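K.L.:
Just passing along the structure, written as structure tokens.
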Amino acid sequence: MTNIRKSHPLIKIINNSFIDLPAPSNISSWWNFGSLLGICLGLQIITGLFLAMHYTSDTATAFNSVTHICRDVNYGWILRYLHANGASMFFICLYLHVGRGLYYGSYIYSETWNIGIILLFTVMATAFMGYVLPWGQMSFWGATVITNLLSAIPYIGTELVQWIWGGFSVDKATLTRFFAFHFLLPFIISAMVMVHLLFLHETGSNNPTGIPSNMDMIPFHPYYTIKDILGLLIMLTVLLALVLFSPDLLGDPDNYIPANPLNTPPHIKPEWYFLFAYAILRSIPNKLGGVLALVLSILILAIIPLLHTSKQRSMTFRPMSQCLFWLLTANLLTLTWIGGQPVEQPYIIIGQLASILYFTTILILLPLFSTLENHLLKW
């Protein structure tokens, strides 16, 4: 009799994806972040669902409903802070996952990579709309500033912004539709994750050497399930430490002030995970140029497979490319810092230099150094 795990139409899919899946024997902890992202998504959907049971998407009551969740709902405070800080964990895992893909050449699997980029954009859109829902000062002004960027689009910009707002300013209609989309998008993300995994399992996983590992595979369970559980425990420890000891560490104090269209906060800035893109946006004096740079700062990932000039897939044995990769990492951290600073010298010039360096490193230096390494190795 065949094992039900291998014969049942539904269980068979789970078996081939998570149990009997052949995996390279040498993948490191950098390959943990995919499963951590899945867990983050599940956690966000569950906590979000319970929060939605008590939240009201009306400008008059939204702020008070969040206060009510924290004060009156049983364990509402932990749900709210798990959801808010869970988003931060989500983005930490997301950026590390993308960084891993860049370092080890995972972008060679172009379908998986491209679905991943679409996922990144969708998660960013979801997080942005979620930040608007508590209807604090930073929620309101963040929504106003970021949606207003679309007015830079020639001809249709102004109409497009008013269409998104549902009126002539960010108001009740905007909040209601943002709540609707914020609720809907995670389920669309879940479906896209399945497509992401479908394409990944067509080719199999990459590994740190960048060399095909078809002749040395091991079953995913128990080897990588136990490894993923360790990653999960570490992530949960960090998340719970954040939620229980310092839940507002990554938030903005201005968001504890109810939204007031008549009073602009001194420094409008998004959540920390968008600061690098915000710094790139601010570093260009022209509005349309800034918006284009903002979009391209993420969309540039789509052309990375075309810029791969090295004869080796991974950066493991390419010290010059490694130096550039860590320069890029330091550069992104610099941009994140600049995005949170006021628009004054020396922050303006540092932001402009870091933005130029970001695009130069990816578009010119990485392909150039890869070609140079090929010549040095006489390939």
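From the backbone N, Cα and C atoms, a Cβ is placed for every residue, glycine too.
Just lifted these from Swiss-Prot, have a look:
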type: BINDING; residues: H83, H182; note: heme b b562 binding site
type: BINDING; residues: H97, H196; note: heme b b566 binding site
type: BINDING; residues: H201; note: ubiquinone binding site
type: TRANSMEM; residues: 33-53; note: transmembrane segment
type: TRANSMEM; residues: 77-98; note: transmembrane segment
type: TRANSMEM; residues: 113-133; note: transmembrane segment
type: TRANSMEM; residues: 178-198; note: transmembrane segment
type: TRANSMEM; residues: 226-246; note: transmembrane segment
type: TRANSMEM; residues: 288-308; note: transmembrane segment
type: TRANSMEM; residues: 320-340; note: transmembrane segment
type: TRANSMEM; residues: 347-367; note: transmembrane segment
K.L.:
Within a 10 Å radius of its Cβ, which of these binding-site residues (H83, H97, H182, H196, H201) has the fewest neighbouring Cβ atoms?
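P.N.:
Per-residue Cβ counts within 10 Å for the binding-site residues H83, H97, H182, H196, H201 bottom out at H201.
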K.L.:
Tell me, please, if the transmembrane segment (178-198) and the transmembrane segment (33-53) are in contact, taking contact as 3+ Cβ pairs under 8 Å between residues separated by 6 or more positions?
P.N.:
yes
K.L.:
In the same chain, which residue numbers or ranges, 6 or more beyond the ends of the transmembrane segment (226-246), come under 8 angstroms Cβ to Cβ?
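P.N.:
Distant contacts of the transmembrane segment (226-246): 29, 32-33, 35-36, 39-40, 78, 81-82, 85-86, 88-89, 93.
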K.L.:
In whole Å, how far is H182 (heme b b562 binding site) from H97 (heme b b566 binding site) when you measure between their Cα atoms?
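P.N.:
Between the Cα atoms of H97 (heme b b566 binding site) and H182 (heme b b562 binding site), the distance comes to 23 Å.
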K.L.:
Can the transmembrane segment (113-133) be said to touch the transmembrane segment (77-98) if we require at least 3 CB pairs below 8 Å and skip pairs under 6 apart in sequence?
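P.N.:
Per Cβ check, the transmembrane segment (113-133) touches the transmembrane segment (77-98).
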K.L.:
Could you tell me the C-alpha distance between H201 (ubiquinone binding site) and H83 (heme b b562 binding site) in angstrom, no decimals?
P.N.:
30
K.L.:
Short question: which residues 6 or more past the ends of the transmembrane segment (320-340) have a Cβ under 8 Å from it?
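P.N.:
Contacts of the transmembrane segment (320-340) (Cβ under 8 Å, skipping residues fewer than 6 from its ends): 99, 102-103, 269-270, 272, 274-280, 282-283, 310, 347, 350-351, 354-355, 357-358, 361-362, 365-366, 369-370, 372-373.
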K.L.:
Any residues 6+ beyond the ends of the transmembrane segment (77-98) with a Cβ under 8 Å from its own?
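P.N.:
For the transmembrane segment (77-98), the nonlocal Cβ contacts are 30, 33-34, 36-37, 40-41, 43-44, 47-48, 50-51, 66, 69-71, 116, 120, 123, 127, 130, 235, 238-239, 242-243, 247, 250-251, 271-273, 301.
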